[in-house]
Amino acid sequence: MEGFEEIVREFLVESYENLDQLDRDLVALEQEPGSRDLLQSIFRTIHTIKGTSGFLAFNKLEALTHAGEGLLAKLRDGGLEFTRERADGLLELVDAVRTILAAIETTGTEGDGDYTALTAKLSALQELPAEDAAGKTQSAAHPAHAADSVITDSPADPGRSEAAAAAPAGAETPTPAATPPADVPAPAGAGNPDQPPEATPAKARGRRPPKLPAVKPEEPRVPLLGEVLKEQAAVDDADLAVARLEQELGDTRPIGEILVEHGQVTSEQVRAALAAQAEAKASTTPHTVAETSLRVDVTLLDTLMRLVGELVLTRNQIVATAATQSDSVIARAAQRLNLLVTELQEGVMKTRMQPIDTVFSKLPRVVRDLGLACGKQVRLEIEGRDTELDKTILEAIKDPLVHAVRNAIDHGIEAPEVRRERGKPTEGRLVLRAYHEGGQVNIEITDDGAGIDPQRVAERAIQAGFDAEHVRRMSQRELINLIFVPGLSTAETVTNVSGRGVGMDVVRANVERIGGTVDVTSELGVGTTLRIKIPLTLAIIPALTVECRGERYAIPQVNLDELVSLEGDQASRGVEFLSDAPVFRLRGNLIPLVWLDHILGLGRPPRPGDPLPEIVSIVVLQAEGRRFGLVVDRILNTEEIVVKPLSRKLKEIGAYAGATIMGDGRVCLILDVRALARRAHVVQDADHHAATESADDAAHRVGGPEALLVVAVGHRRIGIPLSMVTRLEEIDAAQIEHVGRRPVVQYRGHYLPLARLSDLLGEPASDGERLTVVVYTQGRRSVGLVVDTVIDIGAETPGSRGDLTAPGVTGVVVVDGRVTELLDMEEAIRAADPQFFEAVAASDAADVSAYDDYDTALAGAGEGAAGGDR
């Protein structure tokens, strides 16, 4: 009984794999209905399932697949055309077989399902329409491939294939590497999947030897017995022709026996020829899959992975201990152990790695069915099928990918008539792409559909209860990312496909659960791209260890961008404050700073004026597409760690992703970078700190050529070229002084002249104790432009620039879907310092300090220049 259960288990595994292949082949056959190779592959798969199910007494499954086999035989023989109705019927067959297999796996029986209607449907699909029947009768009665085999007097017999295998030694039997020749009559029916399942007439129809089919040059071919005898000069073509004719007329003896009876060869010659044939077969027969592969239970692989993880921990401890010893023998042994464990770890991890095509291969069927349900034409293109991932991660991303594909077809790709009106091909294009990058796997789902309308998303968000003012201040990117909010849908109507607001939030939740990220970019009328980044494996990961308040923490390297160390004056000058929030300018890009001890409740963040440590260590991280700097006490080392799950109480804290054991045996908590970003409001409140986004990211986001800092002045949106923004500062209004009726503030040991943009643009001045200042520096000279608030960093939409004649502006552009006025920077700078450009030119020529004659420059300025009382 145990042996039978093992056979059933093996049958289920192979059948599930076959069904996945059937899905792919049937969808591909719709694109190439004349492909004989695909029809052969589909036929053989169904034939295999039918044969094994009959052997195992699964009668319901056998009857169902027999009906499908009959339809496929007629399709393969050219008697029927492959239509959508027949494709639907065969796909229903695949689904029914999958249901029966699931029942066998769980209950040991075929279940209570009634498949008589489907069986009848498959039988009905074998019938030709009345008008086509007459023209097809002859071809259906004589299949195109019938000449490939000689029909014998024996009816189809399931045991005939075994009998053929045990034929006498002299039999001219075909080998697996060659197409069956006509030297021996081949049995029809069961045992030969290339034959139709119907019974064959008792008498042979042909009177001449069939033509040997061509053999592909690249395939190894074993010579037939007659060919070997001819090569040995034992017989000639005429002798062989006579023997073959006798076989065709009904003689069932092997060709060697016939030739011996005729006296054309001796028994010794036949035995020598058979030995030569066997030697040739042994040298040309390739290794089968069964000889080169082995099925291993996943539970065993999980156990091996866990043991290797423990071995890695032990290796780390031994290597750490050996580093403190002076014994060279121990050091060499530790080094050798390190190499061996690394190789073992890589080998075991490879056993768990599978190509992403195991997930991608299920999507053509989804796309096909969903396209029909939505009345849309969709062409699916897949790139990077061989990209490998850990099996656990592959299982986790199946549902997110299906959700994303369904969303792209239902929401993104337009109906054929709509696409035609918009000048697009009626067939939509959906591209799935997978590739490795930076120790991660990137998956992109791109469609050429209508794109996401940010204003439509904003309207739905307000209807869903979002604060209207908050929504209006959102950038285009933030509006588009609202599609991940649970319950928010832009669909006009609710259907059985979508419209309930459930789907994209599931995508993000499932991806983040395995340490991945999801991002979406879209251009209205052009299309949408969903990008998913996920780690290769979850068991053993590289990590950076840091120290904070005497404790060590691990940061997964998948979230790590770079490391920055500020020392001495660099620390005091490098850390700036915007709305009391610390920021750091990294190569011209402002990123928010987060103190780890503050996030963990061990201290408070610094405030403006607080002394900073002599060395500020910054770990630049990325979470949900946002960069931020995590300030720690010390950066220690990088090493591979084994992730251990946390207890429920530690999980509730929401700052840790797991724990690990370090080389010295101490426990180290693994930080959850995404949770830290949320705790620090880097993600949720990004619209209040829009300047933390880099200009490069902003330009990439909207596709514009020039990045702009968008600020509010009164009720107007003003764009300032980001290339002319040196720093963003916040100052107390009480610190403003006046020189020659011009507002200035002490700034880094000098006087910084100010200009209120509200005065320049004729807008009412905002009241407040703190002012936001955009600092522009050229050479050794600087000015400050006072604005109301910073809104965002964006870029002008290509082709949106327009002319506008108004004080203080040079034109208008569209930024993130909103009209924005461009500030006249020269006029604004001269409003703060009328001699700015002349002084810079003189400074460059004379190489003197920019502020030596500052008071003189201010005194010489006209009293009519713009300037505020504050």
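Any Cβ shown, glycine's included, is placed from N, Cα and C.
TrEMBL annotations: computationally assigned, not manually curated.
Residues or ranges marked as domain 'HPt' by TrEMBL: 1-104. Across the domain 'HPt' (1-104), the prediction's mean pLDDT works out to 83.
Annotation source TrEMBL lists phosphohistidine at H47. Every protein chain shown contributes to the tally, and the Cβ of H47 (phosphohistidine) ends up with 23 other Cβ atoms within 10 Å.
Taken from TrEMBL, the feature region 'Disordered' applies to 132-219.
What TrEMBL lists as compositional bias 'Low complexity' is 155-176.
Summarising the annotation, TrEMBL assigns domain 'Histidine kinase' to 289-538.
Residues annotated as domain 'CheW-like' in TrEMBL: 540-682 (among others).
Among the features that TrEMBL reports, domain 'CheW-like' is placed at 705-834 (among others).
Per-class residue totals from DSSP over the domain 'CheW-like' (540-682), listed helix then strand then coil: 26 helix, 77 strand, 40 coil. Using DSSP to sort the residues of the domain 'HPt' (1-104) gives these counts of helix, strand and coil: 89 helix, 0 strand, 15 coil.
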